[in-house]
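S.K.: For B:ILE62, B:PHE63, B:GLN64, the entry in TrEMBL reads FAD binding site. Residues or ranges marked as [2Fe-2S] cluster binding site by TrEMBL: B:CYS222, B:CYS225, B:CYS237. Sequence annotations record features per position, and here TrEMBL assigns domain 'FAD-binding FR-type' to B:1-95.
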Amino acid sequence: MPNMSLTKVPMPEQDPNVRNKNFEEVALGYTKEMAMEEATRCINCKNKPCMSGCPVCVRIPEFIAKVAAGEFEEAYKIITSTNGLPAVCGRVCPQENQCEGKCVRGIKGEPVSIGRLERFVADYHMAHSNDDAVKPESNGIKVAVVGAGPAGLTCAGDLAKLGYEVTIFEAFHKAGGVLVYGIPEFRLPKAIVQKEVENLEALGVKVETDMVIGRVLSIDEIMEMGFKAVFIGSGAGLPSFMGIEGEALVGVYSANEYLTRANLMKAYLDDYDTPIIKSKNVAVVGGGNVAMDAARTALRLGAENVYIVYRRGMEELPARGEEVHHAIEEGIIFKTLNNPVKLIGDEDGRVCKMECVEMELGEPDASGRRRPMVIEGSNFQLDVDTVIMSLGTSPNPLIRTTTEGLEANKWGCLVVNEDTLETTRDNVYAGGDAVTGAATVILAMGAGKQAAASIHERLSK
Amino acid sequence: MYKILRRKQLNDTVVRLDVEAPFIAKKAKAGQFIILRIDERGERMPLTIADTNAEEGSVSIIFQIVGQTTMLLSQMKEGDFLLDFVGPLGAATEFGDIKKACVIGGGVGNAIAYPSAKALFNMGVDVDVIAGFRSKDIVILEDEYKEVCNRLFITTDDGTYGEKGFVTNKLQDLIDAGNNYDLVIAIGPIPMMKFVSKVTEPYNIKTLVSLNPIMIDGTGMCGGCRVTVGGEIKFACVDGPDFDGHQVDYDELMKRNSTYREFEAHDRENCRMYKAADEMGGAK
């Protein structure tokens with residue numbers, strides 16, 4: 001008889017007033033007992049709509065049945081047969097729009113907590129298993145992957161399992177992409193990402209860091225080195241600015257820079273050499289997950305007041321509901337229906353005020369969202385010493401401008417065949433944010449999987 | 001890991017390191033730079049490529065000791081390894097089709113000016129070099145320059161070596177003497193590049209400067225190095241580091257470079273090298 005409780009088994013969390021001063025993980029994860037209890041809420045329905053919501057098709061009811069039975073290693077095998085990064089996905093996927101959004105238990109009450117269960121299984125395995133992944137027998141065919149973010153890691157893992165000799169070229173000094181430079185420690189501990197990368201290396205994947213493709217090697221030179229196919233998973237890392245007066249003042253960051261300093265360079269730790277501004281009053285402009293991450297990071301670095309400045313309303317925030325909820329609990333101040341028009345500096349060129357206007361929402365625009373309109377004469381000034389622009393990112397032009405015949409659309413996203421993910425260059429594939437523009441970790445992983453399947457089909461003919 | 005093949009002390013505070021990095025050595029062109037990280041706790045620091053040797057697979061960097069990272073770097077010995085060494089980054093200098101050029105270096109900026117002089121000279125351009133220093137004891141690269149230019153003029157602010165005065169005085173003299181330069185390249189402290197650009201502006205001489213803003217990744221993903229050129233925002237790490245000297249907002253760049261001044265001062269006094277020495281019972 002399934003557990004008919006309408007609500008999820010709650011997950012323990014650090015107290016908001018404790019956690020907003022440290023960088024340790026906020027959500028503490030299920031215990032064995034909690035996981036087994038939550039697992040019994042799955043009714044193992046016939047149609048498995050949850051699976052259609054998962055971009056990498058994890059066999060969800062099957063793994064949950066194993067959790068309910070206490071067979072956690074079995075559950076891990078089922079998940080990892082299609083998902084190479086379960087500890088990551090269980091933490092950062094927007095499950096409410098994916099697997100959990102389709103769960104039949106969600107029609108009346110809360111859906112089964114698929115993400116928390118996936119996370120539990122992955123963490124349990126990491127804590128208890130000593131079996132290293134076994135390197136499959138090589139088929140002798142070399143494939144290159146450009147970018148060690150979620151798309152590249154997934155593509156590399158799938159190809160390695162099929163016997164390919166895979167080399168990942170990564171521009172930064174650490175593999176992981178946004179998982180290491182973007183998403184903060186308090187949402188995704190870096191040790192977990194490191195472990196997932198080590199799992200790949202155990203499968204025989206080589207990770208070459210400090211390799212900026214487009215500068216040190218071109219795509220053509222990679223092909224000349226004997227790689228039979230290339231997968232480009234270089235992401236969308238180019239930050240946007242607003243183009244308003246004062247954006248070059250000292251104290252104005254892109255979210256990418258602020259988070260890279262904090263996360264990748266560990267500027268929050270005293271014994272690391274990279275500096276970051278110690279702020280009092282911080283305004284983060286934007287309403288997505290990256291904006292929430294930047295705001296919550298600023299708070300942990302000791303800021304007294306942290307504002308989210310967003311031109312639409314609370315209902316329209318693109319960030320995950322859970323992240324907004326966490327931000328509010330921690331004391332982030334939401335100034336929605338506000339938009340900056342100018343940044344004002346002091347005589348040393350440091351930002352000291354942000355001039356904003358109030359907004360109201362008009363008729364829906366072409367994208368279906370209600371268009372924000374300025375309320376004339378509503379200008380006001382906010383005291384700030386740090387401004388973090390979190391307005392979205394687009395693909396970096398470095399690879400497409402140095403590779404002949406590689407076509408991109410007007411937003412700079414690489415053009416691919418939707419079925420195979422092959423680009424306009426023979427045997428060069430692409431996926432993730434480099435193709436879609438900034439999207440989610442799991443969609444990038446889905447693309448990495450799809451490209452690996454296409455590459456295998458082509459090369460094994 | 002990247003091995004240090006040779007170390008040479010050029011003056012009291014300037015050091016040259018030749019680093020084993022064959023991929024970079026093969027690809028690098030004048031005007032490009034690398035980013036290095038000494039160890040796991042280190043910051044990412046940009047340095048211009050001063051020279052390359054493709055056969056040996058080595059890349060030379062020349063730096064002045066100004067803070068914690070350069071201090072730690074200066075302590076490294078032949079056979080030691082740098083954890084990270086990334087490049088070549090930035091766009092190569094576009095010299096254009098020219099006949100006569102003047103390359104101007106200020107202080108340690110001469111390390112960056114040198115590869116430009118060398119590239120131009122090897123293209124068959126008539127190259128004058130003006131190398132400016134505060135004083136005699138910090139003069140560097142004199143012999144190297146002589147190999148790659150038609151005329152070398154050394155100036156010192158205090159007149160202890162070469163001609164007394166600033167590089168701008170010498171440039172003005174050369175222009176007044178009828179030297180028709182198609183291109184002036186100025187690399188050094190921000191005020192020096194600003195004033196060289198002021199000298200050349202009335203004569204409409206194309207002037208390139210190499211900017212040195214604060215950088216993190218060096219690949220265009222953060223915008224920390226943004227500069228205003230001709231009223232537009234540019235990322236120095238991908239659009240530069242060379243820009244039209246007559247279009248750059250130098251005052252803004254100087255202010256942005258002071259962002260972490262307090263942190264850096266604190267760092268100089270509390271360099272972890274000293275700390276380690278303290279912990280071992282050593283003296284400062």
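FYI, residue positions are counted from 1 along the chain as it appears here.
Glycine too: its Cβ is placed from the backbone N, Cα and C atoms.
Keep in mind that TrEMBL annotations are predicted by a computer and have not been checked by a curator.
Help me picture where these features are in the structure shown.
M.R.: In the three-state DSSP scheme, B:ILE62 (FAD binding site) is classed as strand. Around B:ILE62 (FAD binding site), the C-beta neighbours below 8 angstroms that are at least 6 residues distant in the chain are B:LEU10, B:VAL14, B:VAL15, B:ARG16, B:LEU47, B:ALA50, B:VAL108, B:ALA111, B:ILE140.
Long-range Cβ contacts of B:CYS225 ([2Fe-2S] cluster binding site) within its own chain (separation 6+, distance under 8 Å): B:PRO213, B:ILE214, B:MET215, B:GLY218, B:PHE235, B:ALA236, B:CYS237.
Taking the domain 'FAD-binding FR-type' (B:1-95) as a whole, pLDDT averages 94 in the prediction.
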S.K.: Summarise the domain 'FAD-binding FR-type' (B:1-95) as counts of helix, strand and coil residues per DSSP.
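M.R.: Split by secondary structure, the domain 'FAD-binding FR-type' (B:1-95) comes out as 13 helix, 44 strand, 38 coil.
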S.K.: Between the Cα atoms of B:CYS222 ([2Fe-2S] cluster binding site) and B:PHE63 (FAD binding site), what distance do you get, rounded to the nearest Å?
M.R.: 24
S.K.: Which ones, of the binding-site residues B:ILE62, B:GLN64, B:CYS222, B:CYS225, B:CYS237, are Cβ-proximal to chain A (under 8 Å)?
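M.R.: Listed in sequence order, the binding-site residues near chain A are B:CYS222.
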S.K.: List the same-chain residues at least 6 positions away in sequence whose Cβ sits under 8 Å from the Cβ of B:GLN64 (FAD binding site), in sequence order, or say none.
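M.R.: When sequence neighbours closer than 6 are ignored, B:GLN64 (FAD binding site) has B:THR13, B:VAL14, B:THR70, B:GLY107, B:VAL108 within Cβ distance under 8 Å.
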S.K.: Hey, does DSSP put B:CYS225 ([2Fe-2S] cluster binding site) in a helix, a strand, or just coil?
M.R.: coil
S.K.: Other than B:ILE62, B:PHE63, B:GLN64 themselves, what residues in this chain have Cβ atoms within 8 Å of the centroid of the FAD site's Cβ atoms?
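M.R.: In sequence order, the nearby non-listed residues are B:LEU10, B:VAL14, B:VAL15, B:ARG16, B:LEU47, B:ILE61, B:ILE65, B:THR70, B:VAL108, B:ALA111.
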S.K.: Sequence gap of 6 or more, C-beta under 8 Å: which same-chain residues meet both conditions with respect to B:PHE63 (FAD binding site)?
M.R.: B:VAL14, B:VAL15, B:LEU17, B:LEU47, B:THR70, B:LEU73, B:SER74, B:VAL108, B:ALA111
